[in-house]
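**Student:** Could you have a look at this structure, given as structure tokens, before my questions?
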Amino acid sequence: MPIVLKTSPLLWTRLAALAFACVAFSMTVHGARLPRGTGDFCIFCWAFSFAGTLLVILVELFNLQTRVPVSWKNFPITFACYAALLCLSASILFPLYYLRGSASQNEVQNFRIVSTVFSCLATIAYMSEVSLTKARPGEVAGYMATAPGLLKVIETFVACIIFVFISDPVIYDRHDSVKYCMSVYCICFILSAIIILLCIGECTGFLPFPFARFLSAYALLAVILYLVATIIWPIFNFDPRHGGQTQRPYNCSSTQGLCVWDKAMAVAVLTGVNFILYLADLIYSTRLVFVSA
């Protein structure tokens, strides 16, 4: 089996991301001495990113792009975008939970600092990979390399974070209106994930309707649903007339991590973020329909 080694900025960027992610989780496993919980998630982020990047490099090294059962125009950039978001999350959560408020310098602390630094470097490397592989104006590329495709990745990732905050503890069963918000998060996440899988599996041609028009119709639906959720969630979680609290409770200061009020506020902010993302998605998808026409 021939080995194809073509040096390029993209290859060096992937090798850098591979090395940074490897150092981040190796240092953490070796000497950071983390309790179970958030530390496990951070290790997963780095290990998953490392394994996926290694797979991408090996496939291109042995020239196996045509033999893998996925679209190679869509898979590498989709993975790089998810890896960038995962490493970014780990770069925020890891120091927040394991470096904040610790002024002492010891061996364990040094390992944690090194892991944080290399996590940030891995994030930069993956962002650089996305920048190098995204579609340029007038360039023929896979859908996931375009702005709407990358927005789909970010939308699903934001929805996953919402699911974490909204389900531990469960804070969507207080009112029927809040349950509506949960249904919005689920419906839009599932549809966006299906679109990503269709593109990676090159199955969009089997749809009984034009894919571009479906994207526009879905983006419009998602904008409407998220607009309503952006309004409803704060009303039924922070308005005293509906049993909410406008001010952060005093007991939240003594709670390790985020309290229920903090998580409700985080969901409100992330709902607004996803609304903006879907609005941008709608604009790009509409332009895509007009260009196709």
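Yeah, the Cβs are placed from backbone N, Cα and C, and that goes for glycine too.
Checked TrEMBL, it gives:
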DOMAIN    5-138  domain 'MARVEL'
DOMAIN    143-290  domain 'MARVEL'
TRANSMEM  41-63  transmembrane segment
TRANSMEM  75-99  transmembrane segment
TRANSMEM  111-128  transmembrane segment
TRANSMEM  140-166  transmembrane segment
TRANSMEM  182-203  transmembrane segment
TRANSMEM  215-236  transmembrane segment
TRANSMEM  264-284  transmembrane segment
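Quick one: where do these features end up spatially?
**Tutor:** Averaged over the domain 'MARVEL' (5-138), the predicted model has a pLDDT of 88.
Residues 13-14, 16-17, 20-21, 23-25, 27-28, 30-33, 42, 45-46, 49, 80-81, 83-84, 87-88, 90-91, 94-95, 98-99 of the same chain, all 6+ positions outside the transmembrane segment (111-128), place their C-beta atoms under 8 angstroms from a C-beta of that stretch.
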**Student:** Using a Cβ cut-off under 8 Å, which residues of the same chain at least 6 positions beyond either end of the transmembrane segment (140-166) come close to it?
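**Tutor:** Sequence-remote neighbours of the transmembrane segment (140-166) are 71, 73-75, 77-78, 81-82, 85, 89, 130, 133-134, 172, 182, 185, 188-189, 192-193, 195-196, 199-200, 204, 215, 219, 258, 263-264, 266-267, 270-271, 273-274, 277-278, 280-281, 284-285, 288.
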